[in-house]
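Participant: Right, I'll just put the structure down here and ask away after.
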Protein chains: 2
Amino acid sequence: MRDGDRVTRAAARRRMSVGELAIWRSLVDTTAELRRILGAQLLRDSGLSPADYAVLLALSEAHGSRLRSSELAAVIDWERSRLSHHLGRMERRGLIRRDDCSTDSRGAEVSLTEDGAGMFRGATAPHALAIKRNFADALTPEQFEALADILRTLQNHLRPEQTATSREDLHV
Amino acid sequence: MRDGDRVTRAAARRRMSVGELAIWRSLVDTTAELRRILGAQLLRDSGLSPADYAVLLALSEAHGSRLRSSELAAVIDWERSRLSHHLGRMERRGLIRRDDCSTDSRGAEVSLTEDGAGMFRGATAPHALAIKRNFADALTPEQFEALADILRTLQNHLRPEQTATSREDLHV
DNA sequence: CGAATTTGATTGACGCGTCAACCATATGCT
DNA sequence: AGCATATGGTTGACGCGTCAATCAAATTCG
């Protein structure tokens with residue numbers, strides 16, 4: 001029996017305390033504000049939205065900077081429809097390209113354009129710096145450890161099956 | 001000199017580690033998933049979006065269930081334009097009402113309708129339960145304490161002026 | 001083979017959030 | 001008083017995300 005299970009059962013009867021609720025709200029507010037700050041900064045620095053960045057990151061890390069549409073959707077955990085809309089907009093802006101797939105005529109292969117690759121390269125460093133400044137610099141090593149533990153616990157609570165420590169399914 | 005400052009300066013030269021970046025991504029992903037789950041549940045249970053809920057909560061807690069538009073915007077920390085759009089939609093659905101303000105003819109007074117108040121009342125308990133089940137039940141008291149500490153630190157890092165422990169400015 | 005089903009991907013409608021522009025009223029200044 | 005400016009709030013345009021519907025190509029199976 002895993003630790004999370006024991007906690008879950010033990011807590012199952014209790015009502016949620018107002019302190020716990022306040023922490024939940026603070027979590028939502030604080031992460032929202034961080035996303036807002038970093039998203040705005042990213043846009044100013046590089047003209048890319050967080051969504052653009054996620055797409056370009058996944059493509060950059062892909063073998064040959066090229067992915068099937070549904071693979072890409074799986075990597076960044078988006079609905080296919082959302083991805084299709086967004087790829088349309090990114091294609092119009094010249095960031096990515098969609099070609100017919102050679103092995104499956106239904107499929108599309110998404111790849112980086114020169115422009116897209118360049119924009120992404122230019123965005124990387126300032127974006128990392130912004131994350132460092134606004135987030136990483138604030139916390140002590142102990143706090144990082146505690147946060148990692150908490151996130152592992154939560155992930156494990158939400159999706160009990162998947163090994164919570166695999167680094168593969170992390171993306172921006 | 002506060003603790004956060006010392007950490008900030010000490011860390012200021014270092015590059016961000018890949019571990020720290022992974023924790024950031026995990027934080028973004030995990031909170032996004034929690035919001036997604038709770039938002040969907042709220043909608044199923046009560047037909048309200050998280051945004052609706054925030055508006056109704058603020059109005060419910062207001063003196064006389066009635067707020068000036070910009071006060072409301074301040075309470076839930078929204079841009080006035082966003083609020084105006086959303087109030088328009090909520091008004092169409094019969095959840096809130098907008099009346100001319102008696103003391104300032106430019107202003108609008110937003111208030112709950114019977115329907116809106118009822119919907120909110122019906123939404124409260126299942127929503128709290130969902131937060132408890134998906135979030136609060138997963139964590140130990142020690143983890144709660146650690147998380148509260150981390151969030152306080154981050155808030156303090158982002159907005160150094162404001163006392164980070166005031167419970168007033170927490171909302172959904 | 002040929003019909004039914006599944007899969008890969010796109011589309012349209014609609015609610016949402018942001019930004020800039022825009023009224024109308026209130027306030028401040030001389 | 002009279003003009004400038006600030007304030008409260010709304011609007012329109014546009015990018016975004018979700019849902020349901022759609023379409024074509026592939027696969028399954030009788």
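We number each residue from 1, going along the chain as drawn.
Yeah, the Cβs are placed from backbone N, Cα and C, and that goes for glycine too.
What TrEMBL says about a protein is an automatic prediction, not a curated fact.
Take a look at what TrEMBL says about it:
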DOMAIN    A:20-156  domain 'HTH marR-type'
Participant: So, by DSSP, how many helix, strand and coil residues make up the domain 'HTH marR-type' (A:20-156)?
Facilitator: 103 helix, 13 strand, 21 coil
Participant: Looking only at the domain 'HTH marR-type' (A:20-156), what is the mean pLDDT?
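Facilitator: Value for the domain 'HTH marR-type' (A:20-156), mean pLDDT as a whole number: 96.
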